[in-house]
Amino acid sequence: MALIAQAGPSYCARTETTCCTTGHSVVFSTASNLDTFKMKEKCSSFPSLSFSSTKNGQILHMDSTIGRMNRLFVAASPPTEDAVIAAEPLTKEDLVAYLASGCKPKEKWRIGTEHEKFGFEFGTLLPMKYEQIAHLLNGIAERFDWEKIMEGDNIIGLKQGKQNISLEPGGQFELSGAPLETLHQTCAEVNSHLYQVKAVAEEMGIGFLGIGFQPKWGLKDIPVMPKGRYNIMRNYMPKVGSLGLDMMFRTCTVQVNLDFSSEADMIRKFRAGLALQPIATALFANSPFTEGRPNGYLSMRSQIWTDTDNNRAGMLPFVFDDSFGFEQYVDYALDVPMYFVYRKRKYMDCTGMSFRDFMAGKLPCLPGELPTLNDWENHLTTIFPEVRLKRYLEMRGADGGPWRRLCALPAFWVGVLYDEVSLQNVLDMTADWTKEEREMLRNKVPKTGLKTAFRDGLLRHVAQNVVKLAKDGLERRGYKESGFLNEVAEVVRTGVTPAEKLLELYDGKWCQSVDPVFEELLY
């Protein structure tokens, strides 16, 4: 759930870029660092964006002087301390332009990988307490020169360059990696992170588990992190679904963040990502245990998202509409209920109200106040579909797993989405999949994985083709990255998911105990 900052300039001004709506001036301000990017908030005389219609959509044109201001930044987590008062109200066009500002040419595309893991005490297997986490964060900061991120008097994360370490609600430890050019760099980043974490944690008797759902402990056993946004979410979740607290406190994921060159490119990648997300869920299914026993699922983490908060999760069928683009995603996000607004270093509960209400000055918690782009950016982080759009696309369907699979997930998605031939093959393959079929796969895969029946065969057969396309795409990239797919190649070859291997061990070698999983999947 943390936010990755994209490196390099934004190039939505390119003439082939398709962005949205018509005829509004949008004003940009530049910033010198990640925490001070604002749009329309301190500026008075900047070039305008103009829009013209074409048969295939609307094309964005910028005055040539916009090149002087082509660096746009996303704020780091946590939010900036205080919002700047907007000189004039935000418009929907500003929100559209914010998303469109993520467009960049192919040579600027990068790979951002985020992964979460469960910390536990070696002696008891109990989850880390916040006091232990604080000691761990302080130790990493002091030993490896990370900047501390504080909320009040509590350390809640670390920052070093474009990397962030953050805490999920139940103390899940997350690395939000830097935007990197190759999978070799991604894997090196993961190695470096795990070395640093283990160097401090092992001295404390702490280990880390790579799995998608807490296998042993109940909700009552999970510590609550001292982060204001999570208190708001914890109170709100039971009102909108039966499994939201499980999502917050007992799940771990790995996700990949990828770039797009234009609105048209974003649409193609968004559709391919959504269609294939159940395949990724199956390939990386790794959460078959709940409170010490098999739970009947291969990916309990994925199943939990089906009843967490359906106003902000799911497969987003409107992405496949002919009219879809940046503007339609903004319309969707405007009506997703808010969680909070961040003011004066505090999170203010705005649950149930929409960002559309906020733009009209109708938030009860901030009567008459209007949002800033920081508020919009923060709101986008509280939307949780299977693929999420910010100024890049997030692939969100995979369970957390051990080290060897942390490099396989970005390899899978990069091979499919960053190679034009493979991407087009995927789009052709999935073009006639119906909304009902996509939903069926989303709903059945958490339980049956690659054995899910699909048309005249099994999902495994589709997955075999997709993994082959990913391998071909990586080979065409020319960085010798296809070896990172070995883990998923083995899964489709055998048809046995990681979760099924764990269940086999549980029923055999482990004598129906989940405790050995803490050693089996130890980082």
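Going from the start of the chain as shown, residues are counted 1 onward.
Every residue gets a Cβ built from N, Cα and C, even glycine.
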**OP:** With reference to TrEMBL, specify which of the listed residues Cys103, Cys187, Cys252 is paired with Cys407 by a disulfide.
**Re:** Cys187
Original post:
Which of these links to Cys365 by a disulfide bond in TrEMBL: Cys252, Cys350?
Top reply: Cys350
Subject >> Neighbour tally for Cys407 (disulfide bond), based on other Cβ positions within 10 Å of its Cβ >> reply: 25
Subject >> Residues near Cys365 (disulfide bond) in space but at least six apart in sequence (CB under 8 A) >> reply: Val341, Met348, Asp349, Cys350, Met353
